[in-house]
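Taken from TrEMBL, the feature signal peptide applies to 1-23. Taken from TrEMBL, the feature transmembrane segment applies to 81-100, 130-151, 204-222, 276-297, 309-329, 341-359, 371-391, 403-422, 442-463.
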Amino acid sequence: MLLTAYFAIVFLLVLCGCLELTARRLTPPPATPSAVANPAFRHFQSIFLRAYLLALWSDWLQGPYLYKLYRHYSFLESQIAILYVCGLASCVLFAPFSGWLPQLLGRRRTCLLFCLAYSACCLTKLSRDYFVLIVGRILGGLSTSLLSTTFEAWYVHRHVEVHDFPKEWIPSTFNRAATWNHGLAVGAGLVANLLAEWLHLGPVAPFLLAVPCLVCCGWLVFSDWGKEEAEGTPEGDKQTLLLGSAKGGGARLSARARFSRGCHDGLRCLLSDKRVMLLGGVQALFESVLYIFVFLWTPVLDPHGPPLGIVFSCLMAASMAGSLLYRLATSTRYRLQPGHVLCLAVLMAFFSFFMLTFSTAPGQPRPHDSFLAFLLLELACGLYFPAVSFLQGRVIPEEKRAGVLAWFRLPLHLLACLGLLALHGEVSGTGGGEGGSGTRHMFGGCAVMMLAALMAVVSLFTLGRNDTELRLEGTRGEGDMY
């Protein structure tokens, strides 16, 4: 497995390089020339990306060795499952508030809250106390919810409401962020492996490295974003902000009202449009299975001695390759529709979990087959996310999108929690662990969920067979990177 992991990362990085060169040749650049030529926009974009990419880097550093750290502290697999469930449950609880807090505290202050909460989450990893680790998982759930909403909210508000840049320029920023995000994920695995295994600092080292990165992110948000807000806000807006802060309670009441109305409108949109309902079902099934995969990949491979950081980089490189394949598939040369790519991604994920039900048989593990199945699953993820992002942009009205996506995430996290609780119960009841039947049964359940997701995708495109909104008319997919 050691040699397999190193061979795989070299092969995947070369593959990604070749796909990137091909994609650049076949697709136009993501940003419009006017955006590139505008120095004010480029300066504003740079200020945002410096802080945001540091936040993403800090998040990725914690991925490779989380499970390994809990095992290093001698916790049972069933106890680790409960820790993961606490993190997912906190995401469910904090997800609604992550959209409300920026209106209550302000967007920049909420980003600072993210840096503080995630730093505290990382520092809890120094403790072997189970209760402290649970608190850390809860803080991690809060931080993840804030990361997925607050930074983007700050950028979009300043882009549109303050600087009055064209809305068409927004995707260029998030395309750049997504491109860097893939590279950061691969690099985070390599750096984590360097600290934990090559330098023998142990699995807690990547979490400690994340803390100064979060401090730097917080400083950029406090200084650069604060300066940008002071210089970029017109005098009339400053007076409006002062008046709003003086009202205090009235502003908080208005924020609550907007939040409540957004949730209500999102639910009405979800229930009134069958296409939205089916797309939400696909997202809940597919992405809840990914949370279960995040928990299970380490105990499946770790007993066979691979470098976990390198394996993590391999998985992220496979996802990057899938994203690049999506760009090629929807280019003017191949002209595949996002719906076709989504069907292919779900089918690949089903086949991956079907493989895993055989490669994780008790007493007869086949780690190389499991590793290949994990890479296939991440390749499917790289195809899935841009395809589903395109479809969400077409079937969900923009003004209702935040509320609808909040309702999508609710069954997503609940399904993942139920799956991990089922694994916890089976492991606890059988006294199993790595190599036990619980892992194999869980992969079998994931395969069934992928089959249900595939049926939902087929139903969606049977329903919208002649629906031009679900088809790609341009030269490439919208949302192809994010």
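Using the three backbone atoms N, Cα and C, a Cβ is placed for every residue, glycine included.
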Item checked: Recorded stretches the transmembrane segment (341-359) and the transmembrane segment (442-463) touching, at least 3 CB pairs under 8 Å -> yes
Check: Of the listed stretches (130-151, 204-222, 276-297, 403-422), which one yields the highest count of Cβ-Cβ distances below 8 Å with the transmembrane segment (371-391)?
Finding: 276-297
Check: Are the transmembrane segment (276-297) and the transmembrane segment (403-422) close, by which I mean at least 3 Cβ pairs under 8 Å that are 6+ residues apart in sequence?
Finding: yes
Next item on the list: Take the transmembrane segment (442-463) and find every residue of the same chain, 6 or more past its ends, with a Cβ under 8 Å from one of its Cβ atoms.
Entry: 274-275, 278-279, 281-282, 285-286, 288-289, 292-293, 296, 339, 342-343, 346-347, 349-350, 353-354, 356-357, 360, 415, 419, 422-423, 470
